[in-house]
Amino acid sequence: MEEDKTFQSIRISENNNNNNNNNNNNNNNNNNNLNNNNDNDYDYDSINNIEEKFENVSKELEGQSIKFREIDGGKNNNNHDIELGERKPENEEDFKLRQYFEDSQRQKMLINHKPKKMGVSIKNLTVVGQGADNSVIVDNSTPFKALGKLLNPFNYFKKDKNKINTFNILNDINAFIEDGKMLLVLGRPGAGCSTLLRVIANQRESYISVDGDVTYGNIAASDWSKYRGETLYTGEEDIHHPTLTVRETLDFTLKLKTPGNRLPEESKRNFRTKIYELLVSMYGLVNQGDTMVGNEFVRGLSGGERKRITITEAMVSGSSITCWDCSTRGLDAASAYDYAKSLRIMSDTLDKTTIASFYQASDSIYNLFDKVIVLDKGRCIYFGPIGLAKQYFLDLGFDCEPRKSTPDFLTGITNPQERIVKVGFEGRVPETSVDLEDAWKKSQLFQSMKHAQLEYEKQVEQQKPSVDFKEQVLNEKSRTTSKNSEYSSSFYAQTIALTQRQLSLTWGDKFTLTSRFLTILVLSFIFGGIYFQQPLTTDGLFTRGGAIFTSIIFNCILTQGELHGALSGRRILQKHKSYALYRPSAYFVSQILIDIPFILVQVFLHSFIVYFMYGFEYRADKFFIFCFTLVGVSLSSASLFRGFANFTPSLFTAQNLMNFVFIFEVNYFGYSQTPDKMHSWFKWTYYINPLAYAFKSLMINEFKGLDFSCLDSAIPFDHFNNSTYSDMSHRICAVPGSIEGSLSVKGENYLWDALQINSDHRALNVVVIFLFWLFYIGLNLFAVEYFDWTSGGYTHKVYKRGKAPKLNDVEEERNQNQIVKKATDNMKDTLKMRGGLFSWKSISYTVPVAGTNKLLLDDIMGWIKPGQMTALMGSSGAGKTTLLDVLAKRKTMGTVTGESLLNGKQLEIDFERITGYVEQMDVHNPGLTVREALRFSAKLRQEPWVPLKDKYQYVEHVLEMMEMKHLGDALIGTLETGVGISVEERKRLTIGVELVAKPQILFLDEPTSGLDAQSSYNIIKFIRKLADAGMPLVCTIHQPSSVLFEHFDRILLLARGGKTVYFGDIGDKSKTLTSYFERHGVRPCTESENPAEYILEATGAGIHGKTDVNWPEAWKQSSEYQNVVNELDLLRTKEELGKYILDSDLQVDGKQAPPREFANGFLTQFIEVYKRLNIIYYRDVFYTMGSFAQSAVSGLVIGFTFYDLKNSSSDQQQRIFMSWEAMILGVLLIYLVLPMFFIQKEYFKRDTASKYYSWHAFSLSMIAVEIPYVVLSSTLFFIATYWTSGIDSTASANFYYWLMHTMFSVYIVSFAQALGAACVNIAISIAALPIVLFYLFLLCGVQIPPPAMSSFYQDWLYHLNPAKYFLEGLITTVLKPIEVLCTDVDLIKFTAPSGTDCQTYSAPFLQQATGYVVPLSNTTNECGYCIYSSGSDYFETSLGWDYGHRWRNFGIIVAYWGSSILAVLFFVYLTQKPRR
């Protein structure tokens, strides 16, 4: 009974407290419509359109019905919802939104629509993760250590050899939330908030174990997996296709989530249109419908607008339970509140259960929720009504600062540096997370909530909401969707929608399409020119095969870009899979459907050019079979390469696997090595190679039915006396398939004798190619359905060996708290700043848009002085980041006008180096640890005369002050892989990297974005101490609490269009600031109100904010503006400057040091960058060990393919092809090096913007760091290939072969880097790469001998090809010592006339030809001709190569390497600045 009374009192207290917690907030929005400016994410001219659309949607659906709301008239005289508590009155847009949802719900009930009312109950939930001490940074030594453990017999007797240390991410959590209610999850980063939301959303794959019960209504978690998509987890990252527009993004989701039981006579299209217009109006995206979403690399929506798209997409998905994880990141305070209100309205009207974690939630947002749970290091320290949470902790002995919001107070309890203990409670309040959890579990409130949870579960068992829920889920499915399907739409509908989206993505990427088709045109004409009009003679037999080989390989290589495309789309695919939008297999099918038309076009374009230029037979059936076969090659190759991406976790793993398979495809193609020469151990790959079947098919297609003349080349011959061999019956064509006495060779005979190709199997071979395609499709469908290589945003930390901290250990927690406290107390002693006075006047910025200039900043002026902290505010899209970019000299596009001065002088070349810029995007090199990143910044940006020991000591101080001491040896990693530090920790690292440079001025762009309230408070407090130490700062901030806002001295407030609303002092308790707005007719700001929210509301910020005042114009007419103008003029005088910069200018020996662009000289830069790159490469096992494995494996494959070559003439041809294929290693390295270069180039652009190091230091370091890895790769390839193939093993030949091959590999790698430096992105470089590769391979003299080339190619392109000199050196070295001894199979057999012997008959012939003739029998006149007598015969007669040119050729390759180094330097210099 006592518990029942307590429970009842909780409910009453909850409602009353909701009504009284923030009494002074009632009037916060009373004047929402008083003022108007342009500070929104859309034009104010569209407000009337938005209202009209709302009105149209509402009227059409409601039919002027009366709005119904539950009002508690007894206890609340203010007519506010009981469940909402005391909160701001709804404005007009909120009212219309609520009205729309209520009326649509009412009409749906008329058609038997069942509500999906599903609450959530969590009992004894414990989530276990892997301990950090098990997670050691992987490097190149890791495989060897693992192999050592495997080979160590003693390891097999250890009892705990497989033991994994674990820790509890969540510990014994109990909570519940009813349907239609909202639960707020609060906690610092690392508290387990995201894990709790993921587990509620039934995403459990990332954890070792999940114990306890989570029930959805009366459905257990194990059964809830059938309803994937009914619980949604929306993370803080915005993951979208950047090239799709807002309309395309949302319409795609609507297509797949349109319910089957719509209102009568409402079509799918009408439903989608209404919902789309409602949501874009609701989130202020009406005018952005045709704007690309964009990302950090593609221009599109602003950060705030992109966040709204993420929110809108999740809302469209129609889940009954939605988990929002910090979804307000990047939104200003007004927009965040508007978003939270929309959640409240949908929870009320649609019975949605909403569970959300918020960073920096205001009281206005807090009061929208029903319950709150507070977590600390995975332990629940409070769960219950929002109205009782604050009092609970006050009763424990904690105190709350004035104007501090309740959410900030609650999460501040978990931070020893933040919380305040009441007088008299010292030593009595709980200290650690364990203490706080114990206090909670011993409280009466805990028992009451436990009782309330039991009552809720009983109610659920009685009402059985699952019955209506399951019925409605079935009703929402389309008619063609299986009842057992997790999806709302059928597989067919999914495929159609995905195909339309894929078409938009493919067709929208005009740049890549243009690059691809340009490559096809260029190379097709080059191929046609090289193999132009092949003669119908035996001289054209081999080159015809070369032309076919080239076309097949070309169409195969063209599709290799699909690997990168499949990898880049993974995260979007997995997000949509969790939303239950579509099956991954439907996504893959859509890619295939779009592949077909584009591949048809590219194949027919290529075929139309080359087929007729090759001089192939002019027959329509043969032409179309040629095209059809190449279509099969392209389709099967595209699916194969996508398969490598779908079956592997990373780019470099997929690339290595693709290269490995590609080696087999080329070697066992049937061209460079005929089937009869293949060894049994690898010959089976010939039969599973689709390219081999394509080669056979096209060879049959071309050769069948043709006769090839050998009139001029039949042996024996005498070019000086034609009558010598006038008897044609004793002559024969010198090719396989020939018959003595016939001066032509049938194509069918040649195919069988030379290549073992049955000319009757053309159709069969084509069918096999397409069967391979279907097989690859099946493999991919399996992979995309059952493999998920993304982390889903969950991050797992890895550390240097032995450096991992103890997790959730009480003693370790106390130690960390002491370290942070000590560092904070000593901060002033640690920080010694040398600030400057920075001013700007009449700053305007325009960018070219669609042929006109768009003004983004308009006449901005202001200053920052030493010791002052200036806030830069405005709604999303007002131009805050743009202004910071301009002030920090980061803009490389557009036109900037106006004047910026540092200490009264024009900005010097060192400005970017001596200023710190904390950018909004957290860009860090993932291969470094936190400490290494900070030390790198300190070493290269602090002054060179500062001792290294002092720089490192300062780094340690910053680590302590930023609360990152325990993360110093943690790998930064990436969010995509899930290995590394979290989003919040990356933000702190971004700030730390700038602080360790000891800048004179600090620009900070959203330093608290993505941080919790306590971390934000710590950051701002830390920045305040920097200002107090003499550093001038300007900081953009979106959602400052009143406590944070009080740390600033001045504010620059911007309106939409980059116009100034106010610049000046904030004043004590913000009186100076608020009085300015009050003088212009805005209501007074109350004592309990957040001034930051007040000014945003006054200026019409937020999604639907309005104002009647033209604030930019009001500013220009104010006395404050004139004061700013006068002050700027005053700051130019020496007298005024002397007040601020007495010690700020650097002096050396009494003289002012000249400004330096970089702090250190070139040699120091090169050494430090090279050392950093070595660390990164050493830790990138997939890249380095992958390249080693690839070199060894490809070498073994080639070596055993050409195993133990003898001295026959056919084996000489095999030696040539073996040397030709030695270039393959270079090609494989290109495909590995290009992605790595682009990755490092992106980090270089970020570093060079802050003047860490120069472009030539980066270029030369990138070249140098690759050299040892390339040398080792080449050596492994040489060892695996050289002796297995039976090449001359003399020391000189060995050394030359290794040296030449290594030098060529080094050159190829630097050439790949030059290509990467020249191209804007990797897609362009991949598109351009085939031109380079085919130039190297086709015009080197092997596939088509120089005499067979046209003069255009032979006279200059052939001689410019570095591969020509490489192969001349290798082949002449390999063939020079060989004495050719033909086998019986290699001999070309003919008979001498009666009365003569073989030697006599062939004597005139041998005087003009290479080789020798031997009698085959003592009793007959049968002779055998061996085409070569020595290895020199081939390269001297056919190629015109000279053994004496070996070292000349080596020198030429070195020269090519030098030219590629110059190319890298040149192109890096041209592209060093990012486009922004």
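We count from 1, first residue shown onward.
Backbone N, Cα and C atoms are what each Cβ position is placed from, and that goes for glycine too.
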Looking at the ranges 363-383, 678-698, 1182-1202, which is given as transmembrane segment in Swiss-Prot?
1182-1202
In the same chain, which residue numbers or ranges, 6 or more beyond the ends of the transmembrane segment (592-612), come under 8 angstroms Cβ to Cβ?
495, 499, 502-503, 506, 516-517, 520-521, 524-525, 527-528, 531, 547, 551, 554-555, 558-559, 618, 623, 626-627, 630-631, 634-635, 638-639, 777
For the transmembrane segment (1260-1280), sequence-distant contacts whose Cβ falls under 8 Å of one of its Cβ atoms, 6 or more beyond its ends:
1166, 1169-1170, 1173-1174, 1177, 1184, 1187-1188, 1190-1196, 1198-1199, 1222, 1225, 1229, 1233, 1237, 1240, 1297-1298, 1301-1302, 1305-1306, 1309-1310, 1313, 1461, 1464-1465
Short question: which residues 6 or more past the ends of the transmembrane segment (517-537) have a Cβ under 8 Å from it?
543-544, 546-547, 550-551, 554, 558, 602, 605-606, 609-610, 612-616, 706-713, 1327-1328, 1330-1331, 1334-1335, 1338-1339, 1344, 1349-1350, 1352-1353
Positions on the same chain near the transmembrane segment (1322-1342), where near means CB under 8 A and six or more residues out:
511-512, 515-516, 518-519, 522-523, 526-527, 530, 550, 554, 557-558, 560-561, 564, 1216-1217, 1220, 1223, 1227, 1230, 1234-1235, 1238, 1311, 1315-1316, 1349, 1353, 1357-1358, 1361-1364, 1366-1368, 1439, 1441
Could you pull out which residues elsewhere in the chain have a CB under 8 Å from any CB of the transmembrane segment (764-784), counting only those six or more residues past its ends?
573, 584-585, 587-589, 592, 625, 628-629, 632-633, 635-636, 639-640, 642-643, 646-647, 690, 693-694, 696-697, 700
Fewest neighbouring Cβ atoms within 10 Å among the binding-site residues Gly874, Gly879 goes to Gly879
Tell me, if you would, which residue among Ser875, Ser876, Thr881 (binding-site residues) has the fewest other CB atoms within 10 Å in the structure shown?
Thr881
Fewest other C-beta atoms within 10 angstroms of its own C-beta: which of the binding-site residues Ala878, Lys880 fits that?
Lys880
